[in-house]
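What TrEMBL records for this protein:
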SITE      K7  site 'Transition state stabilizer'
SITE      R136  site 'Positions MEP for the nucleophilic attack'
SITE      K192  site 'Positions MEP for the nucleophilic attack'
Amino acid sequence: MQADRPKQYLTIAGKTILEHTLNNLYAHPQIKQVIVALSPEDEYFSQLPLANQPWVKRVHGGSERADSVLAGLDSIQDEDWVLVHDAARPCLAHDDLSKLLAIATHSPHGAILAYRARDTMKRGSSSQAILHTECRDNLWHALTPQFFPLNLLRSALTSALKQKVQITDEASAIEWAQGKVHLVEGRSSNIKVTQPEDLQLAEFYLQHKVAL
């Protein structure tokens, strides 16, 4: 996405994407603090009205997603479970978050929000030729937040990084550590803003309170 600032600082529906994301999280009664992993060169966050709120804590992130998540985890004390959420997902539904938080009572290795694949899924070759059609019955789109026991996630991420395992989300680290991560069905409106057209879609969801 071509812009003069990181995507989480683009404005939709009167606020930056990051403000929508953080406010949406903190609006849930079970969320008491939000930790934001920032680039050391970040020059935008301190300008946001919520930057100095007591429920917002800042840490310096790393070069990769897993490094930033670990920096956040290392700043936490006396918590059993943690949520990890993408800054560019401003349209999380509160009842989806409630369902995810409730999983702690019967899923010792954690869970993620996800929704079932609806389109026909093709596996392609490196030359973009179709190899075959995948059965979509058990395919899911992984979303965030993702919810795990703090010590389990920290150990899995640390070990995976040492072994140079490619970690694309927190669940993949737990999977690599032989954990069983549960899927909690969420809404497809919980989009990650990555392309220019996503801005208009997210703004529509936010302005019309679709699935929030």
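Glycine too: its Cβ is placed from the backbone N, Cα and C atoms.
Projection of TrEMBL feature records onto the structure.
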residue: K7; record: site 'Transition state stabilizer'; Cβ neighbours (10 Å): 19
residue: R136; record: site 'Positions MEP for the nucleophilic attack'; Cβ neighbours (10 Å): 13
residue: K192; record: site 'Positions MEP for the nucleophilic attack'; Cβ neighbours (10 Å): 17
Per DSSP, to which secondary structure element type does K7 (site 'Transition state stabilizer') belong, with helix, strand and coil as the options? helix
What's the CA-CA gap between R136 (site 'Positions MEP for the nucleophilic attack') and K7 (site 'Transition state stabilizer') in angstrom, rounded? 31
For K192 (site 'Positions MEP for the nucleophilic attack') and K7 (site 'Transition state stabilizer'), what Cα-Cα distance in Å is obtained after rounding to a whole number? 10
